[in-house]
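**Q** Attaching a single structure in structure tokens format; questions to follow.
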């Protein structure tokens, strides 16, 4: 596992965006051989999306031959609802880059048969071989996507019941009213994430410190879903200073020395 200990959330976004752009450009994608990118929503990736849009506008990257798969979507929210992840992705990213609409893949939280929708999504991912890079965030309780504590580490895309803690955390997007936050979501599974060639998780804020500690210094444990990344051959945790508060000083020092070159020129 790589740990990239940066100073601010803005630094995290810039580093993540630069890494994605480097990966896409090195891959040299084409219509016949697209780059497959997994994407999250929420507050964690906002700075990364801003940086990606800026790099695209500067002519440093094209998304014309990039295919995206989003991590999750609420069940029951209309696609055009201001808090649907369809709306979030288009407002914060897709509307500002040159990605073809047909290359965008989002789960349908209003599907009549959610089991069939989840199966379709898994099959669509497999039709491309694999996701080359999956970017994600992490919840206060260590969940990735909507794989809440005690999720199977072999799980695939499915419907999940959201914990009260997650709904309370997400209520900030619904005017602080927990009753407006959906109780269910469709989400890629832990196994789906682990199938990706590379997984990059963005961790920002003091409230994520225990989750980061569990991911880096703890044991693999389904109660801390994020710890599954210890099993991945190419996992990267990109974090700001407040999120490292629960890590040992020597852990942060070790990774800072290892990643000196990669953290330059942000």
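Residue numbers in this text run from 1 along the chain shown.
Keep in mind that glycine also has a Cβ here, set from the backbone N, Cα and C atoms.
The active site, proton acceptor annotation in Swiss-Prot covers 72, 143. The active site, for ring-opening step annotation in Swiss-Prot covers 141, 148 and is backed by sequence analysis. Under the heading site 'Part of the allosteric site', Swiss-Prot lists 151, 158, 160, 161, 254.
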**Q** Check each residue in the chain of residue 72 (active site, proton acceptor) that is at least six apart in sequence and keep those whose C-beta is under 8 Å from its C-beta; list them in sequence order.
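**A** 41, 85, 107, 145, 146, 185, 186, 187, 188 - these are the non-local Cβ neighbours of residue 72 (active site, proton acceptor), listed in sequence order.
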**Q** Measure from the CA atom of residue 254 (site 'Part of the allosteric site') to the CA atom of residue 151 (site 'Part of the allosteric site') and give the result in Å, rounded to a whole number.
**A** 31
**Q** Whose Cβ, among the recorded positions 143, 158, 160, has more other Cβ atoms within 10 Å than any of the rest?
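**A** The residue with the most neighbouring Cβ atoms within 10 Å is 143.
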**Q** Rounded to an integer, what is the Cα-Cα distance in Å between residue 148 (active site, for ring-opening step) and residue 158 (site 'Part of the allosteric site')?
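**A** Given the Cα positions, residue 148 (active site, for ring-opening step) is 12 Å from residue 158 (site 'Part of the allosteric site').
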**Q** Please classify the secondary structure at residue 151 (site 'Part of the allosteric site') using three-state DSSP.
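**A** Note: residue 151 (site 'Part of the allosteric site') is coil by DSSP, not helix or strand.
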**Q** Once the chains shown are all counted, how many other Cβ atoms turn up within 10 Å of the Cβ of residue 161 (site 'Part of the allosteric site')?
**A** 12
**Q** What does DSSP call residue 254 (site 'Part of the allosteric site') in the simple three-state scheme?
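**A** Assignment for residue 254 (site 'Part of the allosteric site') reads helix.
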